[in-house]
Structures are given as structure tokens and as C-alpha cells.
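These notes are about the structure you will find just below.
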Amino acid sequence: MKIILNKIYQGDTLNISETYTLFKSIMLKKINNIELSAILIALKIRGESQNEILGAVKACLEHMITFPKPTYMFSDIVGTGGDNSNSINISTTSALVGSACGFKIAKHCNGNISSKTGSADILKKFGINIQISPEKSKKMLDELNICFLFAPQYHINFKVVTQVRKILRIKTIFNIIAPLLNPAMPKLTVMGVCNFKLMLPIAQVLKTLNYHHAIIVCSDNIDEVTLHSFTKIIELKNNNITSYILHPDDFGVKYCHKNDILGGNTEENYNIIKKILQGKGPSAVTETIAVNVAILFKIFGYSNLKKNTEYALKVIRSGKVYEKIIQLSKF
């Protein structure tokens, strides 16, 4: 372990095996908080490599509580967070809309660690119990098209890690690997990252993890599709990786201002999202949600982004998504 730590502190890159060994030690609490802080900061300053991401994921997956495997195709829609954009919870809102559109979503979620408001914080405000058994979560997915897998419940060895991350209050390798640690282990995902440089390494990791179809998005260093800038896409499909750029007119909507998607604390985000899901939200933020849902449609085989966006807007404006919220809160 001393050799591995010295490599990190000297700015050298670890291979998959070394990273696996390191993160195995972290999971087994063999690394103290001071060492862990130094490791996370050193990796962040140098930049995490593809092999380090993969090694960390493999180690963490071995210590995860499992989820009953569905027999049907389902997806996650998730972001790394830590982009300091102070936007509303776009992926969480998009997941709810996607489920109301008929798609199965196993949403990996967490509380606020490196952002003001985490997905779990919003879901709790809506009265949705995210701390239910894996079996009951699976039933929720079966019956209501969506379930929420609360990270601390499935990754119990992350408790010490979470404490350190909350103290550091910066984006670390755990932001990068968290979307890759969904306990349901979907083969479809829409994953947002807040750094263009991370997109291809993550696509390669998803390929190694045998994802069937994945779309990685990044726009203006925000881990979502946005309408105030172009969005870079890297798509993994049938083991082939392609990249392209999307603009708002590809979705049939107009550019908006970055401030249009700003949120705030949990209460403020809750109020904004509630209006959106009731079909009463401002057009710019509603359309931002719709274009993210349009990308979700794409991994289920619906490739026409304009039609996808149009249908998502129709569902949002109907208020059906808020009806879904009520069902989920009673589950």
C-alpha cells in the first residue's frame, strides 16, 4: 500500500490492479481520514485516469448490497454532480418525467454532498420514501416504472468516505464513479459529467462494464443537456463509441439563458420542480427537462429528438407527472 500511496503523491497514474487494491482498502476502512483526504485531493489535482475509474468501480461494486435483477430493460439517468452550476435537480426531474412517459427507471440517488441539494433531498420533500428494502423498490419499479436506490443504503462502506467528502466540499473521484455504482446494474444509462475530458474515459469504462447503450452528456461544464449552450454527446451503442454535438434546434426548442435553470436550496428547488411537474413551470426550464428526457428516449430506441421532446413536453404540461409523484408518495 505504501508503494501505491507514494505513486499517487508523486503524481503518477495507477493501473487497474493498484486502484482496485487501494479502493478495496478504503472500503475495508484500512485507510484513515487524513490519508483518504490526501488521496482524493491528489487524484483531483492530477486528474483521474480511465484505469483508475475502472479499478475504483470494480472494488466498490464488490462491497455493494445487491438489487433484485429485473427481467426487462431499464435505465438510469444520473449525473456526477459537483459542477457548481446551482441548477435545479434536472436528472431527478427528468427521471420522474421519463417514468410517466412509460420508461422504466432505476434512479441511483444521494443527498447533498458536493452540491446544495441532492436528488434524495428533493424526493424526501415530495414525501417519497427512498429508504425501503430492495424487494419493495423492485416492486415500485415493476408497478410505477421508477424506483429510487439511496446510495448509503446499498453502499454501507461509504459512510467514512461521505464524512470526508462533506468536509472537503469538492468534486472527487467518488462523484465520477457514483453514477457507475447503481445497485440495479442497468445496461442502459444517460450519464451527465461536468468535464468534457471525462467523457471518453467514462464511455470506455461503460463499455468494459458491458453497457448496451449509454449516452454521456456535458454542456458548458454542466452535467446535463442545457439550452444556453451546445451539448457534447458521447454515445456507446453495440460496443461502438461515437461523438457529436447537439444544439437546442436539434430538439426543436430555442436557446435560453443560463439563469433560467438556476435553483437554490432544497426548499427552492422543490417549489420550482413542483410547478414543472404540475405543468405550470416556466417554459425555459420545462423545455430543459424535456430535452434531457428526449435523450433518455433515445437509449430506449426512439431516435427522433424533436418528436421525443414534443412528447415529453406534452406529458409534462398535462400534469401527469405530478400524479405519479402522489402515487410514489403513497407506495
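Don't overthink the numbers, they just go from 1 along the chain as shown.
The backbone N, Cα and C atoms fix where each Cβ goes, and this holds for glycine too.
Per Swiss-Prot, 5-phospho-alpha-D-ribose 1-diphosphate binding site is recorded for GLY79, 82-83, SER87, 89-92, 107-115, SER119, and the stated evidence type is sequence analysis. The anthranilate 1 binding site annotation in Swiss-Prot covers GLY79, ASN110. What Swiss-Prot records for SER91, GLU224 is Mg(2+) 1 binding site. What Swiss-Prot records for ARG165 is anthranilate 2 binding site. The Mg(2+) 2 binding site annotation in Swiss-Prot covers ASP223, GLU224.
This view paints the features noted in Swiss-Prot onto the structure.
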| residue | record | Cβ within 10 Å |
| --- | --- | --- |
| GLY79 | 5-phospho-alpha-D-ribose 1-diphosphate binding site | 28 |
| SER87 | 5-phospho-alpha-D-ribose 1-diphosphate binding site | 24 |
| SER91 | 5-phospho-alpha-D-ribose 1-diphosphate binding site | 27 |
| HIS108 | 5-phospho-alpha-D-ribose 1-diphosphate binding site | 25 |
| ASN110 | anthranilate 1 binding site | 23 |
| GLY111 | 5-phospho-alpha-D-ribose 1-diphosphate binding site | 20 |
| ARG165 | anthranilate 2 binding site | 21 |
| ASP223 | Mg(2+) 2 binding site | 27 |
| GLU224 | Mg(2+) 1 binding site | 30 |
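Taken residue by residue with DSSP, ARG165 (anthranilate 2 binding site) is part of a helix.
When the alpha carbons of SER91 (5-phospho-alpha-D-ribose 1-diphosphate binding site) and ASN110 (anthranilate 1 binding site) are compared, the span between them is 12 angstrom. The shortest Cα-Cα distance from GLU224 (Mg(2+) 1 binding site) to any of the binding-site residues (GLY79, HIS108, ASN110, GLY111) is found for GLY79. HIS108 (5-phospho-alpha-D-ribose 1-diphosphate binding site) sits 18 Å from the residue listed as 'anthranilate 2 binding site', taking the CA atoms of both as reference points. Close to ASP223 (Mg(2+) 2 binding site), meaning Cα to Cα within 10 A, are none of the binding-site residues out of ASN110, GLY111, ARG165.
Taken residue by residue with DSSP, SER87 (5-phospho-alpha-D-ribose 1-diphosphate binding site) is part of a strand. DSSP assigns ASN110 (anthranilate 1 binding site) to coil in the three-state reduction, placing it in neither a helix nor a strand.
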